[in-house]
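K.L.:
Sharing a structure, written as structure tokens. Questions coming.
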Amino acid sequence: PTYEHSLWEECQCGGWRAATVTVTGRQKGTSLLTRKKPQSHSFVVYYMFFLLCICFQYKDGSRFTYRKNMKKTTVLALHNRPSSTLQGMAFTLEERLQLGIHGLLPPCFLSQDVQVLRVMKSYETRTNPLDKYILLMTLQDRNEKLFYRLLTSDIEEFMPIVYTPTVGLACQQYGLAFRRPRGLFITIHDRGHIATMLNSWPEEDIKAIVVTDGERILGLGDLGSYGMGIPVGKLALYTACGGVRPQQCLPVLLDVGTDNQALLNDPLYIGLKHKRIRGKEYDELIDEFMQAVTDKYGMNCLIQFEDFANSNAFRILNKYRNRYCTFNDDIQGTASVAVAGILAALKITKNKLSDHTFVFQGAGEAALGIAHLLIMAMAKEGLSKEEAVKKIWMVDSKGLIGRSHLNHEKEEFAHEHAQIKTLEEVVSTIKPTAIIGVAAIGGAFTEKIIKDMASFNERPIIFALSNPTSKAECTAEQCYKLTEGRGIFASGSPFDKVTLADGRTFYPGQGNNAYVFPGVALGVIACGVRHISDDVFLTTAEAIANMVTEEHLAEGRLYPPLNSIREVSFKIAVKIVNYAYRNNTASVYPEPKDKEAFVLSQTYSSDYDSFTLDTYEWPEEAMKVQDV
């Protein structure tokens, strides 16, 4: 037979050597194992190795090499080891000797804390956010545990780098920033073979997948294959903020082409260079992907849809939400964090949710998701759905929604009203108590709108939730200064603190979805929720709002400080686990008595593992050599 491609892999695992031969792209299933110190009866096995090494050749003609020297094998394995096991100069002398790497590292032994300090020194020399992003991603590739230790040491500093707003810039420059692949790229041309592609991923116990098709990346539009930066960044926050184990996470990019002509003309673009495939072929790709994932990883595998275009987001969510363990963060995650901020704002306005009138700048997936969750929250106050809908107004690119011939999602919020084309006119006519921007139109909340809101309300609620920062509807400074400090502000991207002329200082609340999805993911994974209902996201919103103290509100914060987000996510996960068992939606049994201890046992630790061999002595009598 003709061997088109052959691969010889040699590794060390628990004192065994393993060799696997792959021929013409398929693993033949032949695996030979020998102990480190072979006895005489292993001669046949070694002879078989020798024959294989002679007979099989790489495609380029180079021969397979069998390394009898275990130290060389260990060093080879170490240098090809995944970043989750590398520790750099934190390896002890004993570990270096046993691994055969003594001398390959400087004669210095560092604690993880000192390693964090070293990285921070390097980080602080970078002034460009993209340079900082590349530094952190390189660290993730080199030493995963140190990467997460660094993130959790100051999440408020690093979240804007690994996620919004810098991740948007990183996606735009992905062709230049690309260092090594992270995640699985599945294309429209791979239909019929997705199950095989999933087998290429080295980890078997996948519990969470974030998937995008790159069509609506943040507020930046169609970035095609460059959108992979979003699932990678999102899953980094799964671990840093929620404690989900990184080896259980899989970023996926579904590449069906791009309608971004600039990318199609760019020789550095790393994706498929044709227009987006839509319709039946697209739907078949999604169907096959969902089925392949659950076939391999089980029905409990969480699949988070991220940055799909409006035309697909609701359709896909409604199609799969009751068949798989899935949610759409742009719809449900954004809704949860926005409603959490509004519930916290009620502690300032001292009234009920049903007393408010909301105007949305935007009528896409984020706006509709928030509106639906607001309706659920108002229903808990006793309002009917019809009464709640009357309190929600939406403005899209053509003006106030009140027309016929709308899509099904928008039609629900269409009111009988004279045609109004601009947001300024809508605000002055409707006189809302809250305005929420989710259309990624930078500066949409004009000076007139903000001043009008301040004239209508003692404490106007102004949420500029669009990402990245350049797409924010207004800045925190504009809100606080134009309302004379009376505005209740939240944004999607971070803003610096604002000090007014009278000396008052406000710390703007960032309505970041990272308050939601890590805790939801941890809770869902821990107890094996099969289907994620909107009740989970309302429960999450209430939990976040309950963690906002009077001290936070006095500072202008509508959310707990970002540096406490790990604690926030843990509490959310515990609430979800309690909810799941109470409502019989969990699949992990028996039900744990101590839910907090149960969730804690599922979380990731950034502490280094020990590579020192487990050695011990037997009683001397038991080790006595018996002779004939």
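Keep in mind that glycine also has a Cβ here, set from the backbone N, Cα and C atoms.
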K.L.:
Taking Asp283, Asp287, Asp330 as the options, which does TrEMBL list with Glu306, Asp307 at the divalent metal cation site?
P.N.:
Asp330
K.L.:
Of the binding-site residues listed here (Arg216, Glu306, Asp307, Asp330, Asn467), which is spatially closest to Lys234 (active site, proton acceptor) when Cα positions are compared?
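P.N.:
Checking each of Arg216, Glu306, Asp307, Asp330, Asn467 against Lys234 (active site, proton acceptor), the shortest Cα distance is to Glu306.
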K.L.:
Please report the number of other Cβ atoms within 10 Å of the Cβ of Asp307 (divalent metal cation binding site).
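P.N.:
Excluding its own Cβ, the number within 10 Å is 26.
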K.L.:
Could you check which of the recorded positions Tyr163, Arg216, Asn467, Asn512 is the closest Cα neighbour of Glu306 (divalent metal cation binding site)?
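P.N.:
Nearest by Cα distance to Glu306 (divalent metal cation binding site): Arg216.
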K.L.:
Sequence gap of 6 or more, C-beta under 8 Å: which same-chain residues meet both conditions with respect to Asn512 ((S)-malate binding site)?
P.N.:
Met159, Tyr163, Thr164, Val337, Gly492, Pro494, Tyr559, Leu562
K.L.:
What does DSSP say about Asp330 (divalent metal cation binding site): helix, strand or coil?
P.N.:
helix
K.L.:
Please report the Cα separation of Arg216 ((S)-malate binding site) and Asp307 (divalent metal cation binding site) in Å, rounded to an integer.
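P.N.:
Here the two Cα atoms are 5 Å apart.
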K.L.:
Summarise the model confidence on the domain 'Malic enzyme NAD-binding' (331-581) as a single mean pLDDT, whole number.
P.N.:
94
K.L.:
For Asp330 (divalent metal cation binding site), what residues in its own chain, 6 or more apart in sequence, show a Cβ-Cβ distance under 8 Å?
P.N.:
Arg216, Phe305, Glu306, Asp307, Phe308, Ala313, Glu365, Ala366, Gly369
